[in-house]
Amino acid sequence: MVKICCLGAGYVGGPTMAVIALKCPAIEVCVVDISVPRIAAWNSDQLPIYEPGLDEVVKQCRGRNLFFSNDLEKHVAEADIIFVSVNTPTKTRGLGAGKAADLTYWESAARMIADVAKSDKIVVEKSTVPVKTAEAIEKILTHNSKGIKFQILSNPEFLAEGTAIEDLFKPDRVLIGGRETPEGQKAVKALKDVYANWVPEDRILTTNLWSAELSKLAANAFLAQRISSVNAISALCEATGANVAEVAYAVGKDSRIGPKFLNASVGFGGSCFQKDILNLVYICECNGLPEVANYWKQVIKINDYQKSRFVNRVVSSMFNTVSGKKIAVLGFAFKKDTGDTRETAAIDVCKGLLGDKAKISIYDPQVTEEQIQRDLAMNKFDWDHPIHLQPMSPTAVKQVSVTWDAYEATKGAHGICILTEWDEFKTLDYKKIYDSMQKPAFLFDGRNVIDAEKMREIGFIVYSIGKPLDPWLKDMPAVA
């Protein structure tokens, strides 16, 4: 029986291994993590992450051929294939701070594998890692190998949160990179055989190690670039009276461009886009390619510009001050159908409003108050380090309250900011909300989820990203 062990029970390791266990009943899969509460949650009825369809998959396999454990060494020693999906956060200090990936957790994982392995292993990079990580890991393993043979493969994940299970069931492609030696190719085939249980052969791509590592960074950079492209155009639309939805639709009708990832918004978030682009920038700089580095840097600059532009719109519309005013924030997750708040645009928008002394009331159907308070008190990049290394119980931000109801959040507010495109925000009773608010009542739609004309009929002053401006907003400066 093939045994698979996965180090890291997070957003990647958990769902990926659950689906492998479901699709390959003949393989024993064990997910291990040093965090005791996290493993306890995976073994309970309340899984540590929210992902549509994940519950059913885990419940079907858990205890049969899917196990969650804190005993790393036992399961690593027994496994034939070891997936490593530990965090690779952005470095916060030292060489490459703010750009380079921090491989501390990766390296300690590799040393532990070398330490406990008693038989040959295939080690699979699942975390998003910088190009040439495999080479470093290979060196650590071979220098500590005690005669055991290790093959390193790169098998980047291309999951989108909110649709991860669907993406795993029907992937666009599975990418496996390995050494071009006979042993390397044999390892590639072993992993290919696992996926071939449910993925059609023509969707399993095999490349060399570096191509696989770089493809993941490049794919995320291209996706983020599309969002920054449409967001840049949205600013021009507001200045000229064009409608970004119409422009994006017309552009997306070109079959060479296609319609996906062309929704203008307050900005992209999530654990990967910014991190991967910063990583790409750093790799370009290290390889003496400053022009390429600057090109990709611009994608993040536009994203930051879009968030600060949104905050400036809010403040300038409301008589140039939000001091002491209640502002309702609807949605805190970085996108709908996930409870994930990593790098969400809402953090920067809230911090911007708090900087002007606003009182903020937040409602998100999937994010806890504890998480929101932690996000608003934390420094950049701290979120990606294990909880025990994060600042201890950050001081709660006093001007922020979190409610479990949109109507409670908006009651008595001067303005509303919609920052996540949850479906339920389309069907709220906005007349009821308007009646409970201070007048003039402002509605800033950072996700273009509401019908602006209907809202204007109710009485709101509306700002939608990239849409023709309300007469009220026309004379307001877009950027401070």
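Note that Cβ sites are derived from N, Cα and C of the backbone, with glycine treated the same way.
Taken from TrEMBL, the feature active site, nucleophile applies to CYS272. If you look up TrEMBL, you'll see 8-13, ASP33, ARG38, 86-90, 127-128, GLU161, 272-275, ARG342 marked as NAD(+) binding site. Taken from TrEMBL, the feature domain 'UDP-glucose/GDP-mannose dehydrogenase C-terminal' applies to 328-452.
When other Cβ atoms within 10 Å of the Cβ of GLN274 (NAD(+) binding site) are tallied across all protein chains shown, the result is 23. When the domain 'UDP-glucose/GDP-mannose dehydrogenase C-terminal' (328-452) is classified with DSSP, helix, strand and coil residues number 43 helix, 20 strand, 62 coil. Confidence across the domain 'UDP-glucose/GDP-mannose dehydrogenase C-terminal' (328-452), taken as the mean pLDDT and rounded to a whole number, stands at 90.
Taking all protein chains in view, 24 other C-beta atoms sit within 10 angstroms of the C-beta of GLU161 (NAD(+) binding site).
Non-local contacts of TYR11 (NAD(+) binding site) by the CB criterion (under 8 A, 6+ apart in sequence, same chain) comprise ILE49, GLU51, LEU159, GLU161, ALA164, SER271, ASP340. Geometry remark: GLY8 (NAD(+) binding site) versus CYS272 (active site, nucleophile), CA distance 17 Å. Cα separation, ASP33 (NAD(+) binding site) to the residue listed as 'active site, nucleophile', rounded: 21 Å.
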